[in-house]
Structure formats: structure tokens, C-alpha cells
Amino acid sequence: MSTPIALVESLDQEGRGVAHVEGKTIFIDGALPGEQVTYKVRRRKERYEVADVLDVLQASHLRTQPGCEHFGVCGGCAIQHLEFSGQVAAKQRMLESNLWHIGKTRSERMLPPIYGPAWGYRHKARLRVRHVAKKGGVLVGFNEKSSSFVADMDSCRVLPPHVSNLIVPMKELVGQLSIRDRLPQIEVAVGELATVLVLRILEPLQPQDAAPIKAFADRYGVEVWTQSKGPDTVQPFYPLQGPGLSYSLPEFNLTYPFKPTEFTQVNPYINRVMLRRAMQLLQPQPGERIADFFCGLGNFTLPIARSGASVFGMEGSAALVARANESAALNSLAGQVEFQEADLFKMTPALLQSLGRFDKWLIDPPRDGAIELVKALPDIEDADADTSHVPQRIVYVSCNPATLARDAGILVHTKGYRLLASGVINMFPHTSHVESIALFEKASP
């Protein structure tokens, strides 16, 4: 039986090449658009197959040598073999394709893509840990590609260099602990004044574990925390009084303290540029009342408030609402912002109307999108609907182009908005993750 050959047409949202052979869709790991490849099928379904590339018979001009020796085994990155500008262009095409095929809409203009450093950008990560005696001890890293096994790695180029350099010492540290078999994860969080490692422990540390942990923290200048159960069990182990984590937005004269397990943007360089773009699109003005839905710890809320607008933030996490209030007070903005805990996936038209009138919205939902929120807006076909609370402008920041496209379709086709602009934000270089931003404006009657 001859080895099958395919001509790759596009990339899917997992960074795999997409081809069609004899009426069947083939998803090929390691293949790029425009390439002719041979492949080996590893999973067969009735309508599609998943395969690995064997040989590249005709290579794309955008194919490049991966920058990390672990690429192809480690599952942390999916498209290091695609030249950096090609990654951004592929993500732009994914966004446009989703908007059209899912939302049945197109953006009136495409925004220039936002991108920054290709390496060392990832300031938060969850590293898997496994004690495997036959592999020489402890593994610390991301999962292997398409596997639940931990990749055997000694560095990671998307992590900041000082964190990458800790991978081998972390292996050695875990190997010295009494609970090396009961420590499945180390969560890394990098702030401007500190780096924190959170040890996820399934059993309590023993007294003899303190000495190696303290020696490690002192030698490498990090804080070591522990987490025994849920997020509320996260606490410092050593030192007990460190400088703590924070990030700043100098353009807006803002500083945000945060806990290592609280949600913050993984890429602080792109976060600053993304905020500038969001403010340019939102155009907040003094005296306006603006809603920030899924506001988290106030990453967008406080820059909006700096403009002189009054901002109302809603967030599902009580801990993040508390953190947002703390940051507002720290930055002398408590008088301009109000935060409320609410499950935005249970939004209703009545609840939305009860919040009062907003001139503008900013939405930054998780991967599930904001469907209940946008559905709560009055339909254009409902002539009797009260539209006094409807925002004239919506800026939507998305981490999933499929749910953005779905929500965009609702806003455009049933809620009376125009999709004025959209563009990609390369928050996660070398991965297939697509972050994007879109601007909607209420259409004239």
C-alpha cells in the first residue's frame, strides 16, 4: 500500500494542516498551507482522519526551523515551524474565516495585527510534574503533544529566561521532597518585583522538606507558595513576607497587585499594546458611563476610568472583584468605578435593563464567549422594546474566534450593530491560540 499524499489547504484552530483526500478531511500535524506532504494516519473517523506528517515533498516558503529543541514532542507550542509573520497571518485568516462561516458577517475593516516578542513572553504557566524513576527521576514541563505524559525537557523558550533556567533545578528540588509522588503541578507566576512558584501538593509537606525549599528559594530569588486544595488554599511557604506579585501599566499610571493563581494576561508586553488598542476603539470620554463585563481584576476598567468616565465592572469571581476594588483604591480611582459580582452566563434582558444605561461596553469573556449577555440586548424586530439602555459602541476582546463569531452574528443580524473593525492579537506566539478584538457600533435606524 502506497504512502498517501496530500496538498495542504489551510490551518485549523489547533495549528494542524487541513487537506482533503478522496472526500475526507485530513488534519495533519506538522504540515503547513501550500505544502505537499506524505502522512501517516493515527486516528480514523467516518468523516475525517488525524495524521502526522512523514515527509514534506514541497515545502512552504514560510516553513522555518523551530527555535526550541523540544518542539514536536512538547505540546506547549503547535506552530514553531511556521515563520513568525506567517503565524500572525494564519491567525488573521482564522478570525476572518470564523466570522464568515459561523457569524455570517464580515468586518468593514481589518485592524493591523498586534504582536510583540516571539520568545520569553509567557509570564504565567502551569507546569506538570511527574516522578518517573525509569526516566531518571522527576519530569517538569508541559504535556507531550497529544498525550497526558509529561515532556522530558530542560528548558522552554517561551518562558522568561530566568524561569526556563529553573526547570532543571525544579526537577532536583522535587526529587529531594518527601512527597515527590504527590506533587503533580508547579504553577509559575512572574511579576515585576517577584517570581512565585506554587507547589500543588496532594499531601502536606513534612518538616524535612523545609530546608531544601528554603535553600532553593534563596539561591534562585523566588517565592515558593503551596496549594493543597482549591484556590483559597494558596499561601506563601517561604519567604512568608515577600515583595509579592504586581504588574504596571505606565501609560495609564496604574499598578495591579495579584495572587499567583488569579487570572492575569499571560503576556504583559502584548497586554499593554492591547489596552492601548482597546482605548483607541472605545474612545471613553469624561462623563460617559461605561460597562466592563467580565472585568476580572480591572485590567480594562481602570484605564477606562483614567479617561474620566464612570465605569461599572461585572465579574463572576468574588476574589477578583475584591482584587479589583483593592486596585481601584491603590490607584486612587475608587470614586469612578463600581464592581459587582455576577454570573454573566445567566444574564437576562430584565437584569441587563436593571443595570441602567451605558454609553459603551467593553466585553472580555472567557473562551465560552458572551452569548447570554448579547442575547439580552433588545432585538431590532421588537418595535416595543425599551432601547434606552443600549450601548452605542461595544469593544469585544476575545480568546476564541469561534465564540466571537457566534456573538458577532447575533449582534449584527438580530441586535442592529455594525461590525466596524476587527483584528488579531498575537498574545501566544508559536501556539495556535487566537486572541482578537472587534468593534461594534449601533447602526442608524
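Cβ atoms are placed via backbone N, Cα and C, with glycine included.
Of the residues Gln241, Gln265, Gln280, Gln392, Swiss-Prot places Gln265 in the same S-adenosyl-L-methionine site as Phe294, Asn299, Glu315, Asp343, Asp364. The subset of binding-site residues (Cys74, Cys77, Asn299, Glu315, Asp343, Asp364) lying with their Cα within 10 Å of the Cα of Cys399 (active site, nucleophile) consists of Asp364, given in sequence order. Of the binding-site residues Glu315, Asp343, Asp364, Glu315 has the largest number of other Cβ atoms within 10 Å of its own Cβ. DSSP assigns Cys77 ([4Fe-4S] cluster binding site) to coil, not to a helix or a strand. Mean pLDDT of the predicted structure over the domain 'TRAM' (1-55): 94. Counted with DSSP, the domain 'TRAM' (1-55) comes out as 0 helix, 33 strand, 22 coil.
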